[in-house]
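J.: TrEMBL lists these features:
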| type | residues | note |
| --- | --- | --- |
| SIGNAL | 1-17 | signal peptide |
| TRANSMEM | 33-57 | transmembrane segment |
| TRANSMEM | 108-128 | transmembrane segment |
| TRANSMEM | 153-172 | transmembrane segment |
| TRANSMEM | 236-255 | transmembrane segment |
| TRANSMEM | 261-280 | transmembrane segment |
| TRANSMEM | 301-318 | transmembrane segment |
| TRANSMEM | 338-356 | transmembrane segment |
| TRANSMEM | 363-386 | transmembrane segment |
| TRANSMEM | 392-410 | transmembrane segment |
Amino acid sequence: RFCVPLMLAAVPAMATGEEIPSALQDSWGDFWLFRFLINAAGYASIVVPGFLLIQYFKRRNYLETGRGICFPVIKSCVFGSEVKSVHPEDGSLPPRAEPAESSTARQVLKLLFCAAGLQASYLTWGVLQERVMTRTYGATETDPGEKFKDSQFLVFMNRILAFTVAGLYCALTKQPRHGAAMYKYSFASLSNILSSWCQYEALKYISFPTQVLAKASKVIPVMMMGKLVSRKSYEYWEYLTAALISVGVSMFLLSSAPNRHVSTVTTFSGVVLLAGYIVFDSFTSNWQDALFTYKMSPVQMMFGVNVFSCLFTVGSLLEQGALLESLHFMARHSEFTAHAVLLSVCSACGQLFIFYTINQFGAAVFTIIMTLRQAFAILLSCLIYGHTVTVVGGLGVAVVFMALFLRVYARSRMKKRSKKLPPGETPVQKV
């Protein structure tokens, strides 16, 4: 679709012996939609052959007729054991470990360790994310420096380290017997890659506080995806808090002062990318929730998703020639190398802290910690990078976080009530 107009535009230039201006090529290369389509084409070059192979093995009834050394690999990738857990919750999270000693001081220390680990990992990750995507490297008095532009390479860096950490953890610890067909992870992997890419790319057009607040409002599309993908139903307070979050985000976005710095102005491209992030991320969480009906641990989920994420991103980077270009950028700027590596370390460690916190203290405590992290991230970004927030915008932020805490409180009350329900009744599923 994009190649045909470029070829037609190039015909007069080739007829007169002139070259296409490099500025035109750069403008196409810098356009986020063009890069998105190029990345999608790279993923399709892996997804389509994989889909055809899966269909081929299923049509041949390979599970019954297959033999040889490749049979276990193909069986695991295409068919799996197809044995689901009787209770969906059984595989989603490991049972919370009850402490051997009910020492309050010990539990407080554990909670502080989890909170500090989550805050340090994700606050550092957020600061580095904004630094990498919005600032230049190698700037001197005579040279303005250059920006790193390839968001997909950062996604690849994050996923390769997360894949390594999850693989080592699964190899060194006892995990449940795996039952899901491996290809089913590819759906969550693809949406996860696209959501991460949109998240990095959006920082070129909007401020980090705007991005954080928009991410806090993703409960709305998550509920919509839950209805479409998992046929979930929701309570009235969930709709109420979703509406409050929408109001708060709207107040923040509409309160942009006219004299704000150019880099913090919310643009149409930034809004579209944020919408893409929220939609893709909502699908990821709901698809993973459906996969957890197979008996698996969160670390196995982390490993399976990141296997395909590494495959998709490295394949697309190699096809575009962007992998070598990004490695050359790392060689030119050692500061960027340190930032990219630390970004990946924070992302991988943050995921492990998530699993440990939920296992020790439950989802409600984890949600409170992460909600506070979002508030701290906005404050930290404003202090370091000089973003301004108006009074109306500050009220919008307060409304959003008030709604988030209200959700946590209402959900905890619902869980307590569900424990008192008669054996035949089941509580309503939640986001």
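Cβ coordinates come from backbone N, Cα and C, glycine included.
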J.: Could you give the residue numbers and ranges of same-chain residues that sit at least 6 residues beyond the transmembrane segment (301-318) on either side and whose C-beta is under 8 angstroms from one of its C-beta atoms?
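T.: Counting only partners 6 or more residues beyond its ends, the transmembrane segment (301-318) has Cβ contacts under 8 Å with 39, 42-43, 45-47, 150, 152-153, 155-156, 159-160, 162-163, 166-167, 170, 180, 182, 185-186, 188-190, 192-193, 288, 291-292, 326, 351, 355.
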J.: For the transmembrane segment (108-128), which stretch among 33-57, 153-172, 236-255, 338-356 has the most Cβ pairs under 8 A?
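T.: Of the candidates 33-57, 153-172, 236-255, 338-356, 338-356 scores highest.
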J.: Which stretch from 33-57, 153-172, 236-255, 338-356 shares the most C-beta pairs under 8 Å with the transmembrane segment (392-410)?
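T.: Between the candidates 33-57, 153-172, 236-255, 338-356, the best contact partner of the transmembrane segment (392-410) is 236-255.
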J.: Can at least 3 Cβ pairs under 8 A be found between the transmembrane segment (153-172) and the transmembrane segment (363-386), with each pair 6 or more apart in sequence?
T.: no
J.: Using a Cβ cut-off of under 8 Å, list the residues of the same chain at least 6 residues beyond the transmembrane segment (363-386) that approach it.
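T.: The answer is 111, 114-115, 118-119, 122-123, 126-127, 130, 134, 207-209, 212-213, 215-216, 261, 354, 357, 397, 401, 404-405, 407-408, 411-412, 415.
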